[in-house]
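Student: Once you've had a glance at the structure underneath, I'll fire off some questions.
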Amino acid sequence: MPPNTLISSKDLISYRKEMACHILLFALLALASSRVMASDPSQLQDFCVADLKSPILVNGLVCKPPMHVTADDIFFSGLDMPGNTSNQLGSKVMQVNVNQIAGLNTLGISLARIDYAPYGLNPPHTHPRATEILTVLEGTLYVGFVTSNTNNGNLIFTKMLKKGDVFVFPEGLIHFQFNYGPTPAVAVAALSSQNLGVITIANAVFGSNPPISDAVLAKAFQVGKDTIKYLQAQFWVDNN
């Protein structure tokens, strides 16, 4: 609207409505774009079974020719087998993602079985590309996740779960599961990515290769360098 132009109240109301419509449209487009960019690529055909031997690198995995696909490409056996929890954490994660079922390529989903020894821990970690929904099959688990930075600090949400209970861990947030009970526990997790990614916090911070500078970590954690060197010298178990 040109400056220094006299307008009627009716025209002003019409102009404001038009601007409000434009703002709403831009907001909806921004929301739709963020949802598209935040999820796995969608399939443009019935299926896109991954060719795990292909040297070509794409965002996802190259498709096999459909005529070469068999039922074995969309099949996995062994989720009924308990994982070996005889490690320092007392837990074992059996992932079933696109590396185990090539047919998950472009479908944006995977799952995992987690076994916990008595007092076993699936330590604080994040999945940078997936939301997780966990179902307890046997035993009792203390679970929780921590929010990103807020004006009120990092909030934690926890719950004690028993057999049949379900809990959600939002994408990218630090979360954990701990078996408080004296008996083993089992859970199954569904995840919203074919290749969720796992960042175990302690392993990443204190077990990186090469190590993060002890000066950086000492400053970040407000402890002495000797404490950092002690932590970096430990063997950080990967339970995946």
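Cβ atoms are placed via backbone N, Cα and C, with glycine included.
Okay, so TrEMBL annotates it like this:
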{"type": "BINDING", "residues": "Asn122, His127, Glu132", "note": "oxalate binding site"}
{"type": "BINDING", "residues": "His125, His127, Glu132, His175", "note": "Mn(2+) binding site"}
{"type": "DISULFID", "residues": "Cys48-Cys63", "note": "disulfide bond"}
{"type": "DOMAIN", "residues": "77-229", "note": "domain 'Cupin type-1'"}
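Help me picture these features in the structure, burial and contacts included.
Tutor: In the shown protein chains, 27 other C-beta atoms lie within 10 A of the C-beta of Asn122 (oxalate binding site).
Counting every protein chain shown, 22 other Cβ atoms lie within 10 Å of the Cβ of Cys48 (disulfide bond).
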Student: Just to verify a number: CA distance, Cys48 (disulfide bond) to His127 (oxalate binding site), in angstrom, no decimals.
Tutor: 23
Student: Other residues with Cβ within 8 Å of the Cβ centroid of His125, His127, Glu132, His175 at the Mn(2+) site?
Tutor: Thr126, Ala130, Phe145, Phe169, Leu173, Ile174, Leu196, Val198
Student: Long-range neighbours only, meaning 6 or more apart in sequence with Cβ under 8 Å: which ones does His125 (Mn(2+) binding site) have?
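Tutor: For His125 (Mn(2+) binding site), the qualifying residues are Ile174, His175, Phe176, Val198, Ile199, Thr200, Ile201.
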Student: Do any residues at least six apart in sequence from Glu132 (oxalate binding site), in the same chain, have a Cβ closer than 8 Å to its Cβ, and if so which, in order?
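Tutor: Listed in sequence order, they are Val168, Phe169, His175, Ala189, Ala190, Leu191, Ser192, Leu196.
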Student: How many other Cβ atoms sit within 10 Å of the Cβ of His127 (oxalate binding site)?
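Tutor: By my count, 21.
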Student: So among the recorded positions Cys63, His175, who's got the most Cβ atoms within 10 Å?
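Tutor: Its Cβ has the most other Cβ atoms within 10 Å: His175.
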